[in-house]
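To start, the structure itself, in structure tokens.
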Ligand code: F6P
């Protein structure tokens, strides 16, 4: 394989730039030509594709976001859109494509590989919800950002002896909420994977207050409910002063952690290796520190399992 391209798609994640850099540098190191596609799948459809040199990815490894830009592309959901994308790549003589993104990106990648474009995925999403990898690029940074924000909220929660309800991202996954809740010492964590009764939450808060606790922190995954809804529901069971905090897109920004840079670099370079080996329709991943490749079809039909022991531990430790 002589010519490949790389794009980032879906919600951006810190470490995407490190992954693009790795694809570009590894490909050039191995004597290939590499092209950058701007604005995700939109760029494939609109031919927004440029040859890249080593210098194009200089001074990028530490930057958040994605310098290739990202998008959620409606046109790529249509057969015509996908065919146009495949035709544009063929016209440029590009034989392989690395797509960096989350589950929506993988779905598009699967369709492209069916159209004959050799395609490999690199998992990058703060949600950490991709099967075939223990961890996705961006998750570690987002988790640390959330914990840092909750630490700040804890200061003011203690000063005013309040209960705070903090809403975190993750779409249908509770990974961010679960591990942020444990790391920040939250009393209650709501995640989509588990049913937590509001009545029990109110009881726990009351027991804490009775023992002289000064504040309470509740972390709620957006996939369960909004912080506002949670606050209204809680008010039906206990009369306490609450405040809500929706962390929002703060969670997606910021410079990538060292772990995300390492992961982005390893998975980006590995994706190039997979294309060189003639692989297509697979997502690169890391499992027990070993690089792995998992079929897109397998990734799409399975849900990532959450670790219930983390949930139970956080409950035990936050009494
Ligand atoms: O998938 C990443 C993510 O940040 C989710 O956690 C969140 O639900 C969604 O993207 C937000 O998407 P947008 O940036 O389009 O509002």
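Placement of Cβ uses the backbone N, Cα and C atoms for every residue, glycine included.
Feature annotations, reproduced from TrEMBL:
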DOMAIN    3-275  domain 'Phosphofructokinase'
BINDING   11, 72, 73, 102, 103, 104, 105  ATP binding site
BINDING   103  Mg(2+) binding site
ACT_SITE  127  active site, proton acceptor
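Overlay of TrEMBL feature records on the structure.
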residue	record	CB count, 10 Å
11	ATP binding site	19
72	ATP binding site	15
73	ATP binding site	23
102	ATP binding site	24
103	ATP binding site	22
104	ATP binding site	18
105	ATP binding site	29
127	active site, proton acceptor	26
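Taking the mean position of the Cβ atoms of 11, 72, 73, 102, 103, 104, 105 as the ATP site, the remaining residues of that chain whose Cβ falls within 8 Å of it are 9, 10, 40, 101, 107, 108, 125. Not one of the binding-site residues 73, 103, 104, 105 has a CB under 6 Å from ligand 1. In this structure the residues listed as binding ATP are 11, 72, 73, 102, 103, 104, 105; their two most distant Cα atoms lie 13 Å apart. Residue 104 (ATP binding site) falls within a helix when secondary structure is assigned with DSSP. Confidence annotation: the domain 'Phosphofructokinase' (3-275) carries a mean pLDDT of 96 in the model. It is 8 Å from the Cα atom of residue 102 (ATP binding site) to that of residue 127 (active site, proton acceptor). On a Cα basis, the residue listed as 'active site, proton acceptor' lies 12 Å away from residue 104 (ATP binding site). Among the binding-site residues 72, 73, 103, 105, the residue whose Cα lies closest in space to that of the residue listed as 'active site, proton acceptor' is 103.
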